[in-house]
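Engineer: Please find one structure pasted underneath; my questions will follow.
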Amino acid sequence: MSRKNYVFTSESVSEGHPDKLCDRISDAVLDAFIAEEPEARVAAETFATTNRVVIGGEVGLSDKDKLHDYMDRIEAIARACIKDIGYEQDKFHHATCQVTNLLHEQSAHIAQGVDAAKGKDEGAGDQGIMFGYASNETPELMPAPIHYAHAVLRRLAEVRKDGTEPTLRPDAKSQLSVRYEDGKPVGVTSVVLSTQHADESQTSDDIRAIVEPYIREVLPDGWITGDTEWWVNPTGTFVIGGPDGDAGLTGRKIIVDTYGGAAPHGGGAFSGKDPTKVDRSAAYVARYLAKNVVAAGLANKCTIQLSYAIGVSKPLSIYCDTFGTGEVDEEEIERAIGKVMDLTPRGIREHLHLNKPIYERTAAYGHFGRAPDADGGFSWEKTDLADVLKAAL
């Protein structure tokens with residue numbers, strides 16, 4: 001964006017939103033197979049509706065007997081996810097909903113394009129374009145609207161799960177309109193929060209009284225003023241929620257998962273996909289590169305685009321845009337990236353250590369802007385490439 005003064009809005013959804021529940025199950029299935037075999041091939045999709053969960057897709061393990069054994073564990077994995085999220089309502093309960101497993105072995109025709117062979121490196125799992133973005137407007141180098149929209153829902157989930165606010169239920173959405181002055185976020189012009197709750201007698205005002213202190217707690221001081229508009233459960237009662245209220249599907253919240261609309265998106269979803277799928281791994285490394293460009297002080301904001309062809313190992317293109325904030329030309333940054341980073345699927349996986357069971361935790365509250373974990377989770381949020389990039393210029 002070239003404008004300096006404007007209002008920009010992003011939304012988030014909770015871990016109990018039907019689509020996010022499906023993302024969680026798909027990534028939990030992925031983690032289970034990767035824990036057994038780090039180079040397992042997985043494309044797991046989940047559908048959820050009233051009293052029913054259906055899991056389908058493709059899985060590949062080198063040991064076919066283990067593959068069949070693991071199929072028997074899928075139902076328990078799904079139920080554990082539903083239980084942890086907190087669904088115990090009449091028409092969607094972790095113990096009583098029907099779980100159907102339709103996973104099957106990966107197509108040999110897909111595998112032949114991806115698998116490494118003599119004289120041929122591992123190819124990309126599909127064609128596509130992937131984007132990464134970073135901005136210095138928050139310490140996490142994320143756009144402020146999506147960062148704080150996630151923070152609101154994460155805090156409400158905490159107080160719901162620890163029993164502090166027992167009337168809150170899992171399904172929720174947030175939306176923040178953030179005012180920018182001179183290109184920096186300075187306040188919130190409107191707050192939208194819809195959350196499922198237990199009691200039909202509770203009004204919108206009752207729910208606002210519960211959630212407002214937590215929303216104020218996670219937003220920077222001074223961002224909420226007397227002019228801030230509040231829309232809490234604006235339709236009134238929200239007792240029927242989760243998959244009983246709206247069907248859920250894996251991969252339907254790709255803007256929530258990334259930058260809240262503040263950056264382009266290539267269209268590919270993440271959850272349920274192993275790291276040979278560049279929809280996921282290349283989007284992660286694009287974020288890693290953009291974040292390190294900004295962390296290195298080379299720009300205040302940065303977009304990176306990568307493109308791939310199925311079965312081809314190296315990216316077809318590398319694109320950088322610093323929106324006029326760069327300390328060096330974008331072409332120099334592109335060349336430096338090509339020098340210091342192996343952007344083949346294998347190179348990405350090895351550099352970011354992606355062949356680990358680290359994906360279930362990514363399914364809610366954004367894949368980006370999270371703190372790297374000691375076990376390798378969110379490795380794409382590290383800034384260990386910043387000095388290397390500067391040295392390559």
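Just so it is clear, glycine is given a Cβ too, placed from its N, Cα and C backbone atoms.
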Engineer: Can you match one of Glu58, Glu200, Glu327 to the L-methionine site that Swiss-Prot gives for Gln106, Asp246, Lys277?
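Structural biologist: Within the candidate list, Swiss-Prot flags Glu58.
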Engineer: Could you state the CA-to-CA distance between Gln106 (L-methionine binding site) and Glu45 (K(+) binding site) to the nearest Å?
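Structural biologist: Distance between the two Cα atoms comes out at 13 Å.
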Engineer: For the region 'Flexible loop' (106-116), what's the mean pLDDT in this predicted model?
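Structural biologist: That stretch averages a pLDDT of 60.
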Engineer: Find the one among the binding-site residues Asp19, Glu45, Glu58, Lys277 whose C-alpha lies closest to that of Lys253 (ATP binding site).
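Structural biologist: Closest recorded candidate to Lys253 (ATP binding site) by Cα: Asp19.
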Engineer: CB neighbours of Lys277 (L-methionine binding site) within 10 A?
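Structural biologist: Around the Cβ of Lys277 (L-methionine binding site), 23 other Cβ atoms lie within 10 Å.
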Engineer: According to DSSP, folded down to helix, strand and coil, what is Glu45 (K(+) binding site)?
Structural biologist: strand
Engineer: State the Cα to Cα distance, in Å, between Ala172 (ATP binding site) and Lys277 (L-methionine binding site), rounded to an integer.
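Structural biologist: Answer for this pair: 30 Å between alpha carbons.
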